[in-house]
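Structure record follows, encoded as structure tokens.
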Amino acid sequence: MRRPLVAGNWKMNGTRASVAELLDGLRQEEIPAGVEVVVFPSLIHVAQAVSELAGRSIGVGAQDCAIEQQPGALTGEVAACQLRDAGCSMVLVGHSERRLILGEADAVVVCKFVAAQTAGLVPVLCVGETLEQRESGQTLEVVARQVAAVLDACGAQSLAGAVLAYEPVWAIGTGLTASPGQAQEVHAAIRAQVARLDEVVAGGLRILYGGSVKAANAAELFAMPDIDGGLVGGASLNANEFGAICRAAGN
Ligand code: PEP
């Protein structure tokens, strides 16, 4: 039985005041005990979130980490071990905004995945196809290649300590959501890919769906057999909406 996870990616949003308000709203939301919830603020708000969520059942993660495993001379970057020290439990790696806007290749994503696990963080490995790739029938191939980059470098067992997030690029921040059937097809393919190497790891692997998840569509997505929760962007900036998504994951 996989414990559902709802992850809130706040992206590059918020001020100290608006983050305080959002955290206050989250503290008042009823979160089902069976659902794991983690928020991913901007780095500058991580300490605030860790402190204001102390003693609550909501964890804090980071949106990225450095490729280097050890802290040192890498101006502007933050090491995974520093994130762990700051109170993070998870870190996103390979988000499509970083792959596409900042040019992060699979090799970079793999380094970040390894750095995260070495530091004791759970990496949330994000994969997904662009609209052009979907329309030309390459979805499963593209996603399999992104997953294989980590499997080839780190082995299937590494996914026992990780989370996967399938996020079709065309559905992120666009209001377009993959249908439950479209998402399930990709989730099942990812699980089958891992199962060919290790069935036990595949059976326990949480695969989140991300791409315009909101309270109105969460339940039907989460009802799919291979969808184990959501990676939520825009809707995670509203405490009521995010709380409703978390409750949908508990049903
Ligand atoms: C995301 O950024 O990971 C995401 C899924 O965003 P949104 O929910 O806004 O589409």
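The backbone N, Cα and C atoms fix where each Cβ goes, and this holds for glycine too.
Among the features that TrEMBL reports, active site, electrophile is placed at His95. Feature annotation from TrEMBL assigns active site, proton acceptor to Glu167. Under the heading substrate binding site, TrEMBL lists Asn9, Trp10, Lys11, Gly173, Ser212, Gly233, Gly234.
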For the residue listed as 'active site, electrophile', the nonlocal same-chain Cβ neighbours (under 8 Å, six or more residues apart) come out as Asn9, Gln63, Asp64, Cys126, Glu167
For the recorded substrate site, whose residues are Asn9, Trp10, Lys11, Gly173, Ser212, Gly233, Gly234, find every other residue on that chain with a C-beta no more than 8 angstroms from the centre of their C-beta atoms, and list them by sequence position. Ile172, Val232, Ala235, Ser236, Leu237
Neighbourhood of Gly234 (substrate binding site), C-beta criterion under 8 angstroms, separation at least six: Gly173, Ser212
Could you tell me which of the binding-site residues Asn9, Trp10, Gly233 have their C-beta within a distance under 6 angstroms of some atom of ligand 1? Asn9, Gly233
Around the Cβ of Asn9 (substrate binding site), other Cβ atoms found within 10 Å total 26
Comparing the recorded positions Trp10, Lys11, Glu167, Gly173, Gly233, which residue's C-beta has the most other C-beta atoms within 10 angstroms in this structure? Glu167
Count the other Cβ atoms sitting within 10 Å of the Cβ of Ser212 (substrate binding site), across every protein chain shown. 20
